[in-house]
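Below is one structure, written out as structure tokens; the observations come after it.
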Amino acid sequence: MAFGSKILNIGSKSDEYNDDAVPLDQVEEGAQERRYYLGLTKREFKLMMLAGVGFFLDSYDLFIINLVTPIFEYLYWGGIEKGPTGKGHYPSGIRGLVNASANIGNIFGQLLFGFMGDFFGRKFVYGKEMVIVIIATVLVIAMPKSIHSPLSKMMWVFCWRWLLGVGIGGDYPMSAAITSERSKIKRRGTLISLIFAFQGFGTLAGAIVTIILLGCFEHPLNREGHYHKLEGVWRLQFGLALVPAIGVLIPRLIMKESKSYENSKALNSAEGKDPKAFFNTDDEDNMKKSSSHGDSEVVEASDRYANQADAADAEVDNIEKQFAAVTTPENSSGFITYFRQWRHFKHLLGTSVCWFLLDIAFYGVNLNQSVILKNIGFSTGTNEYRTLMKNAIGNLIIAVAGYVPGYWFNVFLVEILGRKWIQLQGFVITGLMFAILAGRWNEISTGGRFACFVIAQLFSNFGPNSTTFIYPAEVFPARVRGTAHGVSAALGKCGAILASLLFNFLTGVIGYGNVMWIFCGCMWGGILFTLLLPETKGRDADEIDRLELFYGKDGKVQCDSKWKSWYFNGIF
């Protein structure tokens, strides 16, 4: 056949096991590696730690502000009930802005790093986000004592936590793409979920660190009433995040490029072009024969290639490889061209809107959990120290009982139940908990409201909080994965910002019960947009992408009956 000698094995996962081009089915079924930790191979374990520690740090940095907020109130605004002059307190607008600062930065980081990851490559980008996180953290805790105005102090924190958010945001699309491209398809969901589950440990660590620090300062705070010592507490709360950040910096900077990404770049130039233009007449005839399963021409081809188990598939594979070899990357136009088609855009719409609706409720609760605990009567004490300690203990209980277990339910069940079912049931049950809180806010006891929040956290993290991260990593092909994941996550952070800025205002205007109705509506709205998404369990987005280029619209779908179902393929 009239082809060049260079062969590119597009979409193969072989780069994670050896340097030779190995067919995907051989990698999936034939590569046997011993499993050690949590059922993972050594390579999977290293990947989990490298990306997972990043998510531990992300969660710690994002949600520690919830535990620092009461300290800011006592230290700079004279307490919760009244300010230094007896006429005010920590303004809800300023509090919301400071709480939202990292999430605002997230949007820029997710879009910027997602695009750069697709355009320049994963290696070029990965690790740079951690440099930003380290610099921003140092600047936050270096707030000079020469700043006297409480408002100026909060603006200092806001500015550098915004920069911190840029770095954290960049970690989302890059870690998701790298994990997806270096995982076996049958274990991909579990590994991505496992890495994302480190967020639970980050939130848990924030509560534990706060309790330990308050315990260390117990004598000057509780017995002597020297509350200016809280200055050291909040700086340590923020500053301890430097430990994991520095630990993963070098390994990220020296990580090699994913061959799955390198190979996928060639497909961008194929979008919208006729593959036949790259082959001669004989090649064109062979491709037609290979795409006609079951007819007489395939039988003739099988006779000519007696030494091959399936001549048609071998011919298609050969043509796909050669076609990739003669193409060149055009990453800048690939994203727009790909999502110009509704069958692709509906997936981006589903992942983005589901993430947006989830984060309105998720961050509305988590960034204001200390305020909610005080309102339901849990975090009250005889003095400031005891109030802060009870608040930290309340956050710890919610993390242990609902937050962390939810992630691990997802880890163990994501490959059994599938992504779509888990996301649907999570939206339903979390919405139900918010409905109960909304309808009976004033009637339910403190323990009852606390239990509802724990259950909501459990099913939120088991369901949509995990699957909204998994979906963009699996449903989009590698050539647009980083940008698409960044867009989805950025829209989610828009929801988080809305919740951060408006929660305190709305609770003062319409009350906590009506705010819970808003959260309930967001959860049940997520059910509708989940229906746009396919089930990605066992789905190879890169393979489907290649087959669509060769066989036209829904080429893969027509060859596999299970994708004909609305449930597996999504509505519309």
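Glycine residues also receive a Cβ, built from the backbone N, Cα and C atoms like all the rest.
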Listed residues SER12, SER258, SER466, with the one flagged phosphoserine by Swiss-Prot: SER12
In Swiss-Prot, the member of SER92, SER264, SER269, SER296 to which phosphoserine is assigned: SER296
Candidate annotated in Swiss-Prot as phosphoserine, out of SER14, SER183, SER333, SER445: SER14
Same membrane side per Swiss-Prot: ARG95 vs ARG419: no
Phosphoserine: annotated position in Swiss-Prot, out of SER260, SER292, SER332: SER292
Touch test for the transmembrane segment (100-120) and the transmembrane segment (421-441), at least 3 Cβ pairs under 8 Å: no
Most Cβ pairs under 8 Å with the transmembrane segment (450-470), selected from 48-68, 124-144, 347-367, 396-416, 421-441: 396-416
Residue counts (helix, strand, coil, in that order) that DSSP gives for the topological domain 'Extracellular' (442-449): 4 helix, 0 strand, 4 coil
Long-range Cβ neighbours of the transmembrane segment (48-68) (under 8 Å; 6 or more residues past either end): 38, 40, 98-99, 102-103, 130, 133, 137, 161, 164-165, 168, 171-172, 175, 178-179, 191, 194-203, 205-207, 209-210, 234, 237-238, 241, 244-245, 247-248, 251-252, 255, 366-370, 391-392, 395
